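Per TrEMBL, the feature alpha-D-glucoside binding site maps to TYR81, LYS83, TYR100, ASP107, ASP289. The compositional bias 'Basic and acidic residues' annotation in TrEMBL covers 179-223, 324-349, 363-377. Taken from TrEMBL, the feature compositional bias 'Acidic residues' applies to 224-233, 350-362. The disulfide bond feature in TrEMBL is assigned to CYS77-CYS109. Marked as region 'Disordered' by TrEMBL: 179-233, 323-377.
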Amino acid sequence: SDNWKNEWVYSKHPGKEFGKFIHSAGSFYNDADLDKGIQTSQDARFYALSKKFDGFSNKGKPLVVQFSVKHEQNIDCGGGYVKLFDCSLDQTDMHGESPYEIMFGPDICGPGTKKVHVILSYKGKNHLINKDIRCKDDVYTHFYTLIVKPDNTYEVLIDNEKVESGNLEDDWDFLAPKKIKDPNAKKPEDWDDKATIPDPDDKKPEDWDKPEHIPDPDATKPEDWDDEMDGEWEPPMVDNPEYKGEWQPKQLDNPNYKGAWEHPEIDNPEYSADDNLYLRNEICTLGFDLWQVKSGTIFDNVLITDDIELASKVAAEVKNTQAGEKKMKELQDEVQRKKDEEESKKNADKDDEDDDDEDEDNTESKQETEDNSHDEL
């Protein structure tokens, strides 16, 4: 069914040729109908598609953002995240610079970037999480869940398992730091932070200084060396086994050592607490604003709710989905393997036939040459 097209709006932002989505369960799945989602279908394209719903605020309630991603094309570089916007978004002009409330989900590009973005807007500025969260990079369906709670804590789950959690103030740089280094404090001039000092009574041994390189004692002047022609012969230099390097006195514990000086901190006058870091006053639109080198990603099971238990129940189905996908893909891989073997055998047999034909041609040519030779005789 193409009913999904009536609910989703493509951006027509000028200057870019956006890729199209199709409705598909992909080439392997658990249930041909239930596993249908919207799939990127054109390589090396930007994608900009969004869906509007009744605006709401999460004031005093948890906010759960959940969806599934299936990179069945074995993605090498491309986004798999969603963005949440307020009601001011012009869907037909959505683009990479459109202001958003939340950006959440996996992003992969080469071996270096395989992470889950959790970007939250605060006072008009986008803030990235200060932690690295690794995303899944296989070809099967995975559920990504973000939970933001009114106590300013959060959780990130993949396939219903918690992979990260913490406090919004600690893990994002929304606010100025609570403490700063005292600008008026300076390390005392007599502060001794050297743990050891040279032993004043230690003396360099008289026989310490030896050259680093010496003439090779085993070298002999070549017999054909001519001093007049070649100049005075000098043996090559070799490392001196008696060389000890630069002498350093022994180190003693410093009796005046006070430890590393720590810059004292004071309360930051710029810091102001905010109990509403979690709050999104208006969420109205969900959008896919992506770039993909290799298309084929399927998005499905989008859920935005305040019901954490409901989200968990929906995400729990991922195990069945993955099991069905793996079973179907293994069968497909086995069929392909046998097909490749047959093709390889056909090519090998053809090569053998070509070799036999070539041998026959060579034999006939040789016989013809011999016959001609006899005729000449």
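From the backbone N, Cα and C atoms, a Cβ is placed for every residue, glycine too.
Unlike curated records, TrEMBL annotations are generated automatically.
In sequence order, the binding-site residues near CYS77 (disulfide bond) (Cα within 10 Å of its Cα) are ASP107, drawn from LYS83, TYR100, ASP107, ASP289. Same-chain residues lying 6+ beyond the ends of the compositional bias 'Basic and acidic residues' (179-223) with a Cβ under 8 Å from its Cβ atoms: 233-240, 242-244, 247-254, 256-261, 263-268, 270. DSSP gives TYR100 (alpha-D-glucoside binding site) a coil state; it is part of no helix or strand. Here the recorded positions are TYR81, ASP107, CYS109, ASP289; the one with the fewest Cβ atoms within 10 Å of its Cβ is CYS109. Over all protein chains present, the Cβ of CYS77 (disulfide bond) has 14 other Cβ atoms lying within 10 Å. For the binding-site residues given as LYS83, TYR100, the lowest number of other CB atoms within 10 Å of the residue's CB is seen at TYR100. Once the Cα atoms of TYR81, LYS83, TYR100, ASP107, ASP289, the listed binders of alpha-D-glucoside, are compared pairwise, the greatest separation found is 17 Å. DSSP states for the compositional bias 'Acidic residues' (224-233), grouped as helix (H, G, I), strand (E, B) and coil, give 4 helix, 0 strand, 6 coil. In sequence order, GLY79, VAL82, MET103, PHE104, GLY105, HIS117, ILE119, GLY287, PHE288, LEU290 are the residues of the same chain, not among TYR81, LYS83, TYR100, ASP107, ASP289, whose CB sits within 8 A of the CB centroid for the alpha-D-glucoside site.
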